[in-house]
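Working notes for the structure below.
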Amino acid sequence: MKPAVTYEHIKTCKQSGARLGIVHTPHGSFETPMFMPVGTKATVKTMSPEELHDINAKIILGNTYHLWLQPGNELIKRAGGLHQFMNWDGPILTDSGGFQVFSLSNLRKITEEGVYFRHHKNGSKLFLSPEKSMEIQNDLGSDIMMAFDECPPMPAEYKYVKDSIERTTRWAERCLKAHARPEDQALFGIIQGGEYKDLRQQSAEELVKLDFPGYAIGGLSVGEPKPVMYDMVEHTEQFMPKDKPRYLMGVGSPDALIECSIRGMDMFDCVLPTRIARNGTCMTSEGRVVIKNAKYADDLGPLDPNCDCYTCRNYSRAYLRHLIKAEETFGIRLTTYHNLYFLLKLMEDIRQAIREDRLLDFKEEFFEQYGLNVENPKNF
């Protein structure tokens, strides 16, 4: 049986080794490297599906944990699945719920069967297992589902992480057995291992034997220094299949998107562009702009003079500052629209640079303009 999702390799950048490819799914194809906006509760905050199409978002994320708790996977199944429910006709990836459960560290208990935990709002007792995660994701009907994994904290003791990745492998096998719709939903495995290179290798090799149609690197971008993350990605990549999509979870800052594309990753997601937009922080071609700052009060220029998105074509920095200061929802819509447009355009530029075998040159140009070449660059 042909997997529901396949990877087509187009070319490798001669200068950097980055990959240009196409991921084919039941709801359409997208070129990689690609950034995926996060729609936690079946909506990318403040953005309509039409606006997502306008900015060239090809695939979006849904969050299994949140959708299970509200409105419930049974309702979404009755609605015809997540695509119908939220009126999105492109590909959707759902996470397994694992990351959310593991972030409730003081409210949870990990066992071999799964994780017992308390609802983050009302305190009710809940249980999530590989089988339950598959049932929920099968009901949601996403194109790409993620295996239920344990996401160990970083740093963590070696023995703890080793036990954790071995449990993640056993859970991955249970996910494959429980997955009811492999013909129209692809299940990806998640490589863990914290900051231990031998454990990253062990996790990758064990999961590759299970022959998932795609693989993710999890447990990074959780607060470790970026050089550590880049080192782990570079090390882990060599144990990942060349003929399947590679997804780096939780990465969305411009520098990391470029650096990890260079290191052979294809897919990225992060709440960063939408989360910082709600505080009025914007990514621009000249670096970070905190639009609430007083210096923009009388600035009638566009947010980013080098951007041709709807926000930058139509509204001034002064107007955006006014809206954010006044806590007007429209301001958040405009900053969110711009940030997502900016990152999706960055990915387009990365793909073009790979086509032209000049991604390292592009990195230098971008870092210089964005202000990332200084000793302590501003981060988000």
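Even glycines carry a Cβ here, placed using N, Cα and C.
What Swiss-Prot records for D95, S96, G97, G98, F99, D149, Q192, G219 is substrate binding site, and it gives sequence analysis as the kind of evidence. Listed in sequence order, T64, S133, Q137, M145, M146, A147, F148, D149, C175, I190 are the same-chain residues six or more apart from S96 (substrate binding site) with CB atoms under 8 A from its CB.
Counting Cβ atoms from all protein chains shown, D95 (substrate binding site) has 29 others lying within 10 Å of its own Cβ. Residues or ranges marked as active site, proton acceptor by Swiss-Prot: D95.
A Cβ distance under 8 Å defines the sequence-distant neighbours of the region 'RNA binding' (250-256), meaning residues of its chain 6+ beyond its ends; these are 35, 99, 218, 220-222, 226, 229, 265, 268-273, 283, 343, 346, 366-367, 370, 372, 377, 379-380. The annotation region 'RNA binding' is assigned in Swiss-Prot to 250-256 (among others).
D269 (active site, nucleophile) falls within a strand segment according to DSSP. Among the features that Swiss-Prot reports, active site, nucleophile is placed at D269.
Only residues 6 or more beyond the boundaries of the region 'RNA binding' (274-278), in the same chain, are considered here, and those with a CB under 8 A from a CB of the stretch are 37-38, 44-46, 332, 335-336, 338-340, 380. Per Swiss-Prot, the feature region 'RNA binding' maps to 274-278 (among others).
When other Cβ atoms within 10 Å of the Cβ of C307 (Zn(2+) binding site) are tallied across all protein chains shown, the result is 19. Annotation comment: Swiss-Prot describes C307, C309, C312, H338 as Zn(2+) binding site.
A separation of roughly 15 Å, to the nearest angstrom, links the Cα atoms of G97 (substrate binding site) and D269 (active site, nucleophile).
Other than the site residues C307, C309, C312, H338, same-chain residues with C-beta atoms no more than 8 angstroms from the centre of those residues' C-beta atoms, the Zn(2+) site, are P302, L303, D304, D308, Y310, T311, R313, Y337, Y341, F342.
Per-residue pLDDT, averaged along the region 'RNA binding' (274-278), amounts to 98 for this model.
Q192 (substrate binding site) is 33 Å away from H338 (Zn(2+) binding site) when you measure Cα to Cα. For the recorded substrate site, residues D95, S96, G97, G98, F99, D149, Q192, G219 set the reference point as the centre of their Cβ atoms, and the other residues of that chain within 8 Å of it by Cβ are F102, M146, A147, F148, E150, C151, I190, G218, M249. Here the candidates are the recorded positions D269, C307, C309, C312. The one whose C-alpha lies nearest to that of F99 (substrate binding site) is D269.
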